[in-house]
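Q: Input: one structure, supplied below.
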Amino acid sequence: MVESDEDFAPQEFPHTDTDVIVNEHRDENDGYASDEVGGTLSRRASSIFSINTTPLAPPNATDIQKFTSDEHHFSMMRNLHMADYITMLNGFSGFYSIVSCLRFTLTGKPHYVQRAHFFILLGMCFDFLDGRVARLRNRSSLMGQELDSLADLVSFGVAPAAIAFAIGFQTTFDVMILSFFVLCGLARLARFNVTVAQLPKDSSTGKSKYFEGLPMPTTLALVLGMAYCVRKGLIFDNIPFGIFREDQILEFHPIILVFFIHGCGMISKSLKIPKP
């Protein structure tokens, strides 16, 4: 049977409050404007990093059908956009930072942990760049939001925790705090994916009025602090404030509580940071 163009025409579906928003290339640094036609959400209406405030149209039903029905080898890679590949470079940077921490642990050579800090900074650059590329190319992405969140978890959650462990935060209690920190980042990103459409928007720009909890990239402050400690030799036995209850079951480094506080800040709903 010959298929007509009508067979692949986009279909309109009634919109309800529980509809899942079409996946767009966005991250937690962005704001969004509601597209009243069809009740969907246009991608990247405005953010402090946006080139302009003009929203892009989300992928339509034809894009979704093409993405899900293509069963050829490497079809997923062919359907990714340039912005998606830049997001994956963010994930690569985070993973390479973790590998550099492992090399530092095995060899003790400080340039490896310095490299770990550098690759987290590089991941931050990719995190800001992916949305700009999507806007310049006027292309929305089906998997952009999920890729962004997963890459951010690796680069700004797991990698900083790996650096902390590598430079001396290695007691059982230290590791529990670092695990809590990573899980808070995971929960924060999951909450963002679910609630971003419900956050109050500025009526003139469509931009979210505030961050709910600390954004994941703010962990860069912890990374810079650890980079300073490495540069000054304040690692292992020289970690500031020493170790509490040394050689006991609950021994820990008091400064590790900074990770605990930051983790609590990421999952806080009462902490609302106004966007500029």
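Placement of Cβ uses the backbone N, Cα and C atoms for every residue, glycine included.
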Q: Going by what Swiss-Prot says, which of Ser47, Ser149, Ser270 is noted as phosphoserine?
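A: When Swiss-Prot is consulted, phosphoserine appears for Ser47.
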Q: If Swiss-Prot marks one of Ser50, Ser75, Ser140, Ser268 as phosphoserine, which residue does it mark?
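A: Swiss-Prot records phosphoserine at Ser50.
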Q: Give residue numbers and ranges for long-range contacts of the transmembrane segment (163-183): same chain, 6 or more residues beyond its ends, CB-CB under 8 A.
A: 97, 101-102, 104-105, 113, 116-117, 120, 153, 157, 222-223, 226, 229-230, 235-237, 239, 243, 249-253, 256-257, 259-260, 262-263
